[in-house]
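S.K.: Swiss-Prot lists these features:
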SIGNAL    1-33  signal peptide
CARBOHYD  Asn54  N-linked glycosylation site
CARBOHYD  Asn62  N-linked glycosylation site
CARBOHYD  Asn73  N-linked glycosylation site
CARBOHYD  Asn116  N-linked glycosylation site
CARBOHYD  Asn144  N-linked glycosylation site
REGION    173-195  region 'Disordered'
COMPBIAS  183-195  compositional bias 'Polar residues'
CARBOHYD  Asn342  N-linked glycosylation site
COMPBIAS  359-372  compositional bias 'Polar residues'
REGION    359-474  region 'Disordered'
COMPBIAS  390-400  compositional bias 'Basic residues'
COMPBIAS  437-474  compositional bias 'Basic residues'
Amino acid sequence: MASAMRGEKCERSRIRELVLILSLITMAGDSRATPFDPSFFIEGVQSEVVNPFNRTILNRFNLTEEQILSIQNRSNPNMRDDSAQSSNQQYLQQVATQRLNDIFKRVQKAISNEPNGSASKEKAGFPICNAETTNPEDWSLGNNVTLQFASSVFISNNDDRLSSALLRLYKTNPGQTREHNPGQASTQPISTENPGNTAPNCAEQPPVGPQIRVTVSIVHQQRKKQRKKRTCNTAMLSSSSTGWVEIDVKCALAYWEQQHRQQLRQQQPLQPQLTASVVGILMIEVHDDEENLLRPGLYFAPPTCDQADIAVPWSVYRTEPFKSHLASWTLPRKPRLDIFFNGSNSMKNSYNTPKSRAFIESTTSNSPTIDNQLDESGEYESQQRVHAPLVHHRRHHHNHQQPESESESAQLEAEIEAEELMSSASNSEQQMEPISNHHRHRTGHHHPHHQLHQHHHHHHRHTKHHRIPAHKQE
(Lines of atoms letter the chains of each structure in order from A and count residues from 1; the text may use other names and numbers.)
(Lines give C-alpha, C1' and ligand atoms only; values in the text may rest on other atoms or scores of the structure.)
Protein backbone atom coordinates (compact mmCIF):
# COMPACT_ATOMS: atom_id res chain seq x y z
CA MET A 1 0.00 0.00 0.00
CA ALA A 2 2.73 2.37 0.93
CA SER A 3 4.79 1.43 -2.09
CA ALA A 4 1.84 2.09 -4.36
CA MET A 5 1.41 5.57 -2.94
CA ARG A 6 5.09 6.36 -3.46
CA GLY A 7 4.97 5.22 -7.08
CA GLU A 8 1.96 7.41 -7.79
CA LYS A 9 3.68 10.49 -6.31
CA CYS A 10 6.78 9.87 -8.44
CA GLU A 11 4.70 9.66 -11.58
CA ARG A 12 2.96 12.94 -10.73
CA SER A 13 6.27 14.70 -10.12
CA ARG A 14 7.61 13.40 -13.42
CA ILE A 15 4.53 14.61 -15.22
CA ARG A 16 4.97 18.06 -13.66
CA GLU A 17 8.59 18.16 -14.72
CA LEU A 18 7.66 17.15 -18.25
CA VAL A 19 4.96 19.82 -18.38
CA LEU A 20 7.42 22.41 -17.04
CA ILE A 21 10.03 21.40 -19.61
CA LEU A 22 7.50 21.54 -22.42
CA SER A 23 6.35 24.97 -21.30
CA LEU A 24 9.93 26.22 -21.15
CA ILE A 25 10.62 24.84 -24.62
CA THR A 26 7.48 26.49 -25.93
CA MET A 27 8.40 29.86 -24.40
CA ALA A 28 11.93 29.60 -25.75
CA GLY A 29 10.58 28.95 -29.26
CA ASP A 30 8.22 31.94 -29.18
CA SER A 31 10.83 34.39 -27.88
CA ARG A 32 12.83 36.35 -30.51
CA ALA A 33 15.27 37.88 -28.08
CA THR A 34 18.98 37.82 -28.76
CA PRO A 35 21.61 37.32 -26.10
CA PHE A 36 23.08 40.44 -24.54
CA ASP A 37 26.45 41.09 -23.10
CA PRO A 38 26.17 41.24 -19.30
CA SER A 39 28.37 44.34 -19.32
CA PHE A 40 25.51 46.35 -20.84
CA PHE A 41 23.23 45.75 -17.92
CA ILE A 42 23.23 48.21 -15.07
CA GLU A 43 22.30 47.23 -11.58
CA GLY A 44 18.62 47.80 -10.94
CA VAL A 45 17.83 48.43 -14.66
CA GLN A 46 16.34 45.89 -17.01
CA SER A 47 16.51 46.27 -20.80
CA GLU A 48 14.10 44.65 -23.19
CA VAL A 49 14.23 44.52 -26.97
CA VAL A 50 10.84 45.26 -28.46
CA ASN A 51 9.38 45.32 -31.93
CA PRO A 52 8.39 48.92 -32.77
CA PHE A 53 5.57 47.68 -34.99
CA ASN A 54 4.02 45.57 -32.22
CA ARG A 55 0.89 47.30 -31.01
CA THR A 56 0.98 45.36 -27.76
CA ILE A 57 4.34 46.83 -26.87
CA LEU A 58 3.16 50.35 -27.82
CA ASN A 59 0.15 50.02 -25.58
CA ARG A 60 2.21 48.50 -22.81
CA PHE A 61 4.69 51.38 -22.65
CA ASN A 62 2.16 54.04 -23.74
CA LEU A 63 4.24 55.11 -26.75
CA THR A 64 3.25 56.50 -30.13
CA GLU A 65 4.75 55.77 -33.52
CA GLU A 66 6.36 59.23 -33.69
CA GLN A 67 8.07 58.64 -30.36
CA ILE A 68 9.36 55.24 -31.51
CA LEU A 69 10.74 56.79 -34.71
CA SER A 70 12.46 59.59 -32.79
CA ILE A 71 14.04 57.01 -30.48
CA GLN A 72 15.28 55.05 -33.48
CA ASN A 73 16.73 58.20 -35.11
CA ARG A 74 18.66 59.07 -31.97
CA SER A 75 19.97 55.54 -31.53
CA ASN A 76 20.80 54.76 -35.19
CA PRO A 77 23.55 56.98 -36.70
CA ASN A 78 22.75 55.85 -40.26
CA MET A 79 19.15 57.02 -39.99
CA ARG A 80 20.37 60.25 -38.41
CA ASP A 81 22.47 61.03 -41.54
CA ASP A 82 19.49 60.30 -43.78
CA SER A 83 17.32 62.78 -41.90
CA ALA A 84 20.00 65.49 -42.07
CA GLN A 85 20.44 64.89 -45.78
CA SER A 86 16.70 65.17 -46.39
CA SER A 87 16.56 68.45 -44.46
CA ASN A 88 19.45 69.82 -46.52
CA GLN A 89 17.67 68.86 -49.72
CA GLN A 90 14.53 70.66 -48.59
CA TYR A 91 16.58 73.77 -47.79
CA LEU A 92 18.27 73.70 -51.20
CA GLN A 93 14.91 73.33 -52.90
CA GLN A 94 13.58 76.37 -51.05
CA VAL A 95 16.63 78.45 -52.02
CA ALA A 96 16.32 77.37 -55.65
CA THR A 97 12.63 78.29 -55.69
CA GLN A 98 13.34 81.74 -54.27
CA ARG A 99 16.06 82.39 -56.83
CA LEU A 100 13.84 81.29 -59.69
CA ASN A 101 11.09 83.61 -58.48
CA ASP A 102 13.56 86.49 -58.27
CA ILE A 103 14.81 85.83 -61.79
CA PHE A 104 11.25 85.62 -63.09
CA LYS A 105 10.35 88.97 -61.51
CA ARG A 106 13.42 90.65 -62.98
CA VAL A 107 12.73 89.31 -66.45
CA GLN A 108 9.08 90.32 -66.22
CA LYS A 109 10.06 93.83 -65.14
CA ALA A 110 12.59 94.11 -67.96
CA ILE A 111 10.12 93.17 -70.69
CA SER A 112 7.18 95.10 -69.26
CA ASN A 113 5.94 98.35 -70.86
CA GLU A 114 5.80 100.26 -67.60
CA PRO A 115 7.95 103.41 -67.39
CA ASN A 116 9.67 102.14 -64.23
CA GLY A 117 10.74 98.97 -65.97
CA SER A 118 11.88 100.50 -69.22
CA ALA A 119 15.43 101.49 -70.01
CA SER A 120 16.26 105.14 -70.59
CA LYS A 121 18.72 106.59 -73.09
CA GLU A 122 20.25 110.03 -73.41
CA LYS A 123 21.67 111.63 -76.54
CA ALA A 124 23.37 114.94 -77.18
CA GLY A 125 24.70 116.67 -80.26
CA PHE A 126 26.32 119.86 -81.50
CA PRO A 127 25.11 121.64 -84.67
CA ILE A 128 26.38 120.47 -88.03
CA CYS A 129 28.88 122.77 -89.67
CA ASN A 130 27.47 124.61 -92.69
CA ALA A 131 27.76 128.02 -94.30
CA GLU A 132 25.18 129.62 -92.01
CA THR A 133 26.26 128.27 -88.64
CA THR A 134 30.04 128.45 -89.10
CA ASN A 135 30.33 131.89 -90.71
CA PRO A 136 31.08 134.37 -87.91
CA GLU A 137 29.72 137.29 -89.93
CA ASP A 138 26.33 135.67 -90.50
CA TRP A 139 26.09 134.69 -86.85
CA SER A 140 26.93 138.10 -85.40
CA LEU A 141 25.32 140.32 -88.05
CA GLY A 142 22.25 138.36 -89.12
CA ASN A 143 18.75 139.12 -87.88
CA ASN A 144 18.24 135.41 -87.28
CA VAL A 145 20.51 132.40 -86.95
CA THR A 146 19.90 128.76 -87.80
CA LEU A 147 21.17 125.55 -86.21
CA GLN A 148 21.13 122.25 -88.06
CA PHE A 149 21.45 118.93 -86.18
CA ALA A 150 22.21 115.51 -87.58
CA SER A 151 19.35 113.03 -87.82
CA SER A 152 21.40 110.50 -85.85
CA VAL A 153 20.93 112.67 -82.77
CA PHE A 154 17.14 112.97 -82.67
CA ILE A 155 15.98 109.82 -84.54
CA SER A 156 15.13 107.08 -82.02
CA ASN A 157 16.23 103.47 -82.39
CA ASN A 158 14.48 100.23 -81.36
CA ASP A 159 11.09 101.97 -80.98
CA ASP A 160 12.33 104.22 -78.14
CA ARG A 161 9.92 106.99 -77.22
CA LEU A 162 10.87 110.64 -76.81
CA SER A 163 10.75 111.86 -73.22
CA SER A 164 12.33 115.33 -73.36
CA ALA A 165 14.30 117.54 -75.76
CA LEU A 166 16.16 120.66 -74.63
CA LEU A 167 18.00 123.21 -76.72
CA ARG A 168 20.81 124.65 -74.59
CA LEU A 169 22.24 128.05 -75.49
CA TYR A 170 24.88 129.97 -73.60
CA LYS A 171 23.58 133.48 -72.89
CA THR A 172 26.10 136.31 -72.98
CA ASN A 173 25.83 139.96 -72.02
CA PRO A 174 26.50 142.17 -75.08
CA GLY A 175 27.28 145.18 -72.87
CA GLN A 176 29.89 143.35 -70.80
CA THR A 177 33.50 142.76 -71.89
CA ARG A 178 34.20 139.04 -71.91
CA GLU A 179 37.41 138.12 -70.18
CA HIS A 180 37.30 134.45 -71.17
CA ASN A 181 37.79 132.92 -74.59
CA PRO A 182 34.43 133.08 -76.40
CA GLY A 183 34.81 129.45 -77.46
CA GLN A 184 35.42 128.02 -74.00
CA ALA A 185 33.87 128.47 -70.59
CA SER A 186 34.84 127.42 -67.12
CA THR A 187 32.64 124.85 -65.47
CA GLN A 188 32.48 126.72 -62.18
CA PRO A 189 29.60 129.14 -63.03
CA ILE A 190 27.39 126.29 -64.24
CA SER A 191 24.65 125.52 -61.73
CA THR A 192 21.25 123.87 -61.87
CA GLU A 193 19.90 125.64 -58.80
CA ASN A 194 17.84 128.79 -58.84
CA PRO A 195 20.06 131.73 -57.85
CA GLY A 196 17.20 133.26 -55.90
CA ASN A 197 17.10 130.25 -53.57
CA THR A 198 20.83 130.29 -52.82
CA ALA A 199 21.10 133.99 -51.99
CA PRO A 200 20.70 134.54 -48.23
CA ASN A 201 19.42 138.09 -48.63
CA CYS A 202 16.92 138.80 -51.40
CA ALA A 203 17.31 142.58 -50.93
CA GLU A 204 20.79 142.39 -52.47
CA GLN A 205 19.37 141.26 -55.81
CA PRO A 206 19.37 144.08 -58.40
CA PRO A 207 16.07 145.05 -60.00
CA VAL A 208 15.06 143.27 -63.17
CA GLY A 209 16.31 145.17 -66.20
CA PRO A 210 15.30 145.04 -69.86
CA GLN A 211 13.90 141.75 -71.09
CA ILE A 212 14.42 139.94 -74.36
CA ARG A 213 12.25 137.30 -75.99
CA VAL A 214 13.94 134.32 -77.62
CA THR A 215 11.89 132.52 -80.28
CA VAL A 216 12.83 129.07 -81.54
CA SER A 217 11.15 128.07 -84.81
CA ILE A 218 11.13 124.99 -87.03
CA VAL A 219 12.48 125.58 -90.54
CA HIS A 220 10.57 123.78 -93.30
CA GLN A 221 12.63 124.47 -96.41
CA GLN A 222 16.35 124.84 -97.04
CA ARG A 223 16.28 127.76 -99.48
CA LYS A 224 16.42 131.17 -97.86
CA LYS A 225 14.11 132.88 -100.37
CA GLN A 226 11.39 130.22 -100.02
CA ARG A 227 12.05 129.34 -96.40
CA LYS A 228 9.06 128.76 -94.19
CA LYS A 229 9.03 128.44 -90.44
CA ARG A 230 6.75 127.43 -87.60
CA THR A 231 7.13 128.67 -84.04
CA CYS A 232 8.05 125.93 -81.60
CA ASN A 233 8.68 127.76 -78.30
CA THR A 234 9.54 131.14 -76.81
CA ALA A 235 11.31 132.21 -73.63
CA MET A 236 11.68 135.50 -71.77
CA LEU A 237 14.91 136.29 -69.94
CA SER A 238 16.94 139.21 -68.73
CA SER A 239 19.02 141.05 -71.30
CA SER A 240 22.05 141.24 -68.99
CA SER A 241 21.96 137.67 -67.66
CA THR A 242 24.71 135.19 -68.46
CA GLY A 243 24.65 131.41 -68.28
CA TRP A 244 23.03 128.39 -69.85
CA VAL A 245 19.47 128.75 -71.14
CA GLU A 246 17.28 125.66 -71.64
CA ILE A 247 14.37 125.81 -74.11
CA ASP A 248 11.98 122.90 -74.65
CA VAL A 249 11.97 121.88 -78.33
CA LYS A 250 10.10 118.60 -78.05
CA CYS A 251 7.53 119.80 -80.59
CA ALA A 252 10.32 120.17 -83.15
CA LEU A 253 11.46 116.60 -82.67
CA ALA A 254 7.89 115.36 -83.02
CA TYR A 255 7.62 117.18 -86.35
CA TRP A 256 11.01 115.89 -87.53
CA GLU A 257 10.08 112.32 -86.68
CA GLN A 258 6.84 112.68 -88.62
CA GLN A 259 8.67 114.10 -91.65
CA HIS A 260 11.28 111.35 -91.40
CA ARG A 261 8.58 108.66 -91.59
CA GLN A 262 7.00 110.38 -94.57
CA GLN A 263 10.32 110.45 -96.38
CA LEU A 264 10.77 106.73 -95.74
CA ARG A 265 7.31 106.01 -97.15
CA GLN A 266 8.02 108.13 -100.24
CA GLN A 267 11.01 105.94 -101.01
CA GLN A 268 8.64 102.98 -101.42
CA PRO A 269 7.05 102.41 -104.87
CA LEU A 270 3.48 103.47 -105.66
CA GLN A 271 3.64 106.29 -103.12
CA PRO A 272 2.73 109.93 -103.96
CA GLN A 273 5.75 112.24 -104.03
CA LEU A 274 5.18 115.26 -101.79
CA THR A 275 7.26 118.39 -101.37
CA ALA A 276 10.44 117.47 -99.51
CA SER A 277 10.87 119.21 -96.17
CA VAL A 278 14.16 119.51 -94.35
CA VAL A 279 14.54 118.18 -90.84
CA GLY A 280 16.91 119.11 -88.07
CA ILE A 281 17.00 122.91 -88.64
CA LEU A 282 16.03 125.38 -85.90
CA MET A 283 15.89 129.15 -86.26
CA ILE A 284 16.61 131.53 -83.36
CA GLU A 285 15.24 135.06 -83.24
CA VAL A 286 15.60 137.66 -80.49
CA HIS A 287 13.31 140.65 -79.79
CA ASP A 288 13.33 143.24 -77.06
CA ASP A 289 10.36 144.11 -74.87
CA GLU A 290 9.17 146.60 -77.53
CA GLU A 291 9.12 143.99 -80.33
CA ASN A 292 12.25 145.38 -81.98
CA LEU A 293 14.36 142.83 -83.82
CA LEU A 294 17.78 142.17 -82.29
CA ARG A 295 20.80 140.23 -83.46
CA PRO A 296 20.95 136.78 -81.80
CA GLY A 297 24.70 136.55 -82.32
CA LEU A 298 25.19 139.30 -79.74
CA TYR A 299 23.37 137.34 -77.02
CA PHE A 300 24.38 133.71 -77.62
CA ALA A 301 27.73 132.02 -78.19
CA PRO A 302 28.11 130.66 -81.75
CA PRO A 303 28.99 127.07 -82.74
CA THR A 304 32.24 126.13 -84.41
CA CYS A 305 33.42 123.31 -86.63
CA ASP A 306 35.95 122.02 -84.11
CA GLN A 307 33.13 120.26 -82.26
CA ALA A 308 31.95 116.80 -83.25
CA ASP A 309 28.36 116.04 -84.20
CA ILE A 310 27.87 113.87 -81.09
CA ALA A 311 28.36 115.58 -77.73
CA VAL A 312 28.77 114.26 -74.20
CA PRO A 313 25.34 113.95 -72.50
CA TRP A 314 24.57 116.77 -70.11
CA SER A 315 23.98 114.47 -67.14
CA VAL A 316 27.59 113.25 -67.33
CA TYR A 317 28.83 116.67 -66.21
CA ARG A 318 26.82 116.28 -62.98
CA THR A 319 28.27 112.94 -61.91
CA GLU A 320 30.69 112.87 -58.99
CA PRO A 321 33.53 111.00 -60.78
CA PHE A 322 33.44 113.55 -63.60
CA LYS A 323 33.37 116.64 -61.37
CA SER A 324 36.90 116.01 -60.15
CA HIS A 325 38.19 116.19 -63.74
CA LEU A 326 36.25 119.39 -64.48
CA ALA A 327 38.32 121.45 -62.06
CA SER A 328 41.09 121.88 -64.64
CA TRP A 329 38.89 121.52 -67.73
CA THR A 330 36.66 123.97 -69.59
CA LEU A 331 33.18 123.25 -70.88
CA PRO A 332 32.34 124.40 -74.44
CA ARG A 333 29.80 127.20 -74.69
CA LYS A 334 28.41 125.84 -77.93
CA PRO A 335 24.71 125.42 -78.72
CA ARG A 336 23.71 121.83 -78.09
CA LEU A 337 20.66 119.58 -78.25
CA ASP A 338 20.07 117.17 -75.35
CA ILE A 339 17.45 114.45 -75.84
CA PHE A 340 16.15 111.85 -73.40
CA PHE A 341 14.45 108.65 -74.62
CA ASN A 342 12.44 106.09 -72.68
CA GLY A 343 11.76 102.47 -73.50
CA SER A 344 8.85 101.25 -75.63
CA ASN A 345 5.86 103.04 -74.12
CA SER A 346 2.53 104.04 -75.53
CA MET A 347 2.28 106.62 -78.31
CA LYS A 348 0.08 108.98 -76.34
CA ASN A 349 2.38 109.13 -73.32
CA SER A 350 5.38 109.93 -75.51
CA TYR A 351 3.85 113.11 -76.94
CA ASN A 352 1.68 114.19 -74.00
CA THR A 353 3.79 117.06 -72.64
CA PRO A 354 3.14 120.64 -71.56
CA LYS A 355 2.72 123.00 -74.50
CA SER A 356 4.98 126.02 -75.08
CA ARG A 357 6.93 125.66 -71.86
CA ALA A 358 10.55 126.75 -71.41
CA PHE A 359 12.91 126.11 -68.53
CA ILE A 360 15.46 128.89 -68.16
CA GLU A 361 18.65 128.21 -66.25
CA SER A 362 20.84 131.09 -65.16
CA THR A 363 24.33 130.75 -63.80
CA THR A 364 24.75 134.22 -62.33
CA SER A 365 23.59 135.11 -58.86
CA ASN A 366 22.79 138.64 -60.03
CA SER A 367 20.55 137.52 -62.88
CA PRO A 368 17.24 136.03 -61.74
CA THR A 369 15.43 133.84 -64.20
CA ILE A 370 12.00 134.57 -65.64
CA ASP A 371 9.62 131.86 -66.78
CA ASN A 372 7.85 131.89 -70.09
CA GLN A 373 4.46 133.40 -69.19
CA LEU A 374 3.46 135.06 -72.46
CA ASP A 375 -0.26 135.72 -72.73
CA GLU A 376 -1.33 133.90 -75.90
CA SER A 377 -4.51 132.31 -74.61
CA GLY A 378 -6.73 134.00 -77.17
CA GLU A 379 -4.56 132.90 -80.05
CA TYR A 380 -4.32 129.37 -78.67
CA GLU A 381 -8.11 129.06 -78.27
CA SER A 382 -8.72 130.24 -81.84
CA GLN A 383 -6.20 127.73 -83.13
CA GLN A 384 -7.87 124.95 -81.18
CA ARG A 385 -11.28 125.83 -82.60
CA VAL A 386 -9.92 125.64 -86.15
CA HIS A 387 -7.95 122.45 -85.61
CA ALA A 388 -10.37 120.51 -83.36
CA PRO A 389 -13.00 119.57 -86.03
CA LEU A 390 -10.32 118.22 -88.37
CA VAL A 391 -8.69 116.06 -85.69
CA HIS A 392 -12.05 114.83 -84.40
CA HIS A 393 -13.15 113.89 -87.90
CA ARG A 394 -9.90 112.02 -88.50
CA ARG A 395 -10.18 110.09 -85.25
CA HIS A 396 -13.82 109.26 -85.97
CA HIS A 397 -12.88 108.03 -89.44
CA HIS A 398 -9.96 105.90 -88.21
CA ASN A 399 -12.06 104.31 -85.46
CA HIS A 400 -14.66 103.06 -87.97
CA GLN A 401 -12.18 101.78 -90.55
CA GLN A 402 -9.87 98.81 -90.18
CA PRO A 403 -6.21 99.65 -90.92
CA GLU A 404 -4.09 97.52 -93.17
CA SER A 405 -1.64 96.54 -90.43
CA GLU A 406 -0.78 97.31 -86.83
CA SER A 407 2.38 99.20 -87.79
CA GLU A 408 0.48 101.50 -90.16
CA SER A 409 -2.18 102.22 -87.54
CA ALA A 410 0.53 103.09 -85.03
CA GLN A 411 2.14 105.46 -87.55
CA LEU A 412 -1.18 107.16 -88.27
CA GLU A 413 -1.82 107.58 -84.56
CA ALA A 414 1.66 109.06 -84.09
CA GLU A 415 1.08 111.51 -86.94
CA ILE A 416 -2.19 112.70 -85.42
CA GLU A 417 -0.55 113.16 -82.03
CA ALA A 418 2.33 115.05 -83.63
CA GLU A 419 -0.08 117.33 -85.49
CA GLU A 420 -1.95 118.04 -82.25
CA LEU A 421 1.30 118.94 -80.55
CA MET A 422 2.40 121.15 -83.39
CA SER A 423 -0.96 122.92 -83.59
CA SER A 424 -0.96 123.56 -79.86
CA ALA A 425 2.54 125.07 -80.03
CA SER A 426 1.84 127.25 -83.06
CA ASN A 427 0.00 127.05 -86.37
CA SER A 428 1.50 130.24 -87.82
CA GLU A 429 3.35 128.99 -90.91
CA GLN A 430 4.36 131.81 -93.20
CA GLN A 431 7.04 133.20 -95.52
CA MET A 432 10.15 134.87 -94.10
CA GLU A 433 9.51 138.59 -93.57
CA PRO A 434 10.61 141.34 -91.17
CA ILE A 435 9.82 140.49 -87.57
CA SER A 436 7.84 143.66 -86.96
CA ASN A 437 5.40 142.62 -89.67
CA HIS A 438 5.53 139.04 -88.46
CA HIS A 439 3.96 139.92 -85.12
CA ARG A 440 1.58 142.40 -86.69
CA HIS A 441 0.11 139.68 -88.96
CA ARG A 442 0.35 136.87 -86.42
CA THR A 443 -3.06 135.22 -86.21
CA GLY A 444 -4.37 131.73 -85.59
CA HIS A 445 -5.10 131.00 -89.29
CA HIS A 446 -3.17 128.63 -91.50
CA HIS A 447 -1.32 129.63 -94.60
CA PRO A 448 -3.45 128.95 -97.74
CA HIS A 449 -0.80 126.62 -99.13
CA HIS A 450 -0.66 124.80 -95.80
CA GLN A 451 -4.46 124.40 -95.72
CA LEU A 452 -4.44 123.02 -99.26
CA HIS A 453 -1.69 120.58 -98.34
CA GLN A 454 -3.60 119.37 -95.27
CA HIS A 455 -6.82 118.98 -97.26
CA HIS A 456 -5.03 116.99 -99.95
CA HIS A 457 -3.33 114.78 -97.38
CA HIS A 458 -6.61 114.18 -95.53
CA HIS A 459 -8.44 113.36 -98.77
CA HIS A 460 -5.70 110.89 -99.67
CA ARG A 461 -6.21 109.05 -96.38
CA HIS A 462 -9.93 108.75 -97.03
CA THR A 463 -9.31 107.26 -100.45
CA LYS A 464 -6.82 104.83 -99.02
CA HIS A 465 -9.11 103.55 -96.33
CA HIS A 466 -12.15 103.31 -98.58
CA ARG A 467 -10.27 100.87 -100.77
CA ILE A 468 -9.91 98.32 -98.00
CA PRO A 469 -13.59 97.21 -97.72
CA ALA A 470 -13.85 96.98 -101.52
CA HIS A 471 -10.87 94.67 -101.63
CA LYS A 472 -12.37 92.46 -98.95
CA GLN A 473 -15.70 92.21 -100.73
CA GLU A 474 -13.99 90.96 -103.86
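Quick reminder: no glycine exception, Cβ is built from N, Cα and C everywhere.
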S.K.: When a 10 Å sphere is centred on the Cβ of Asn144 (N-linked glycosylation site), how many other Cβ atoms does it contain?
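M.R.: Taking every protein chain into account, the count is 21.
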S.K.: Have a look at the glycosylation sites (Asn62, Asn342) and report the one with the fewest Cβ neighbours inside 10 Å.
M.R.: Asn62
S.K.: Round to the nearest Å and give the CA-to-CA distance linking Asn144 (N-linked glycosylation site) with Asn342 (N-linked glycosylation site).
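M.R.: Asn342 (N-linked glycosylation site) has its Cα 33 Å from the Cα of Asn144 (N-linked glycosylation site).
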S.K.: How big is the gap, in Å, between the Cα of Asn342 (N-linked glycosylation site) and that of Asn62 (N-linked glycosylation site), rounded to a whole number?
M.R.: 72
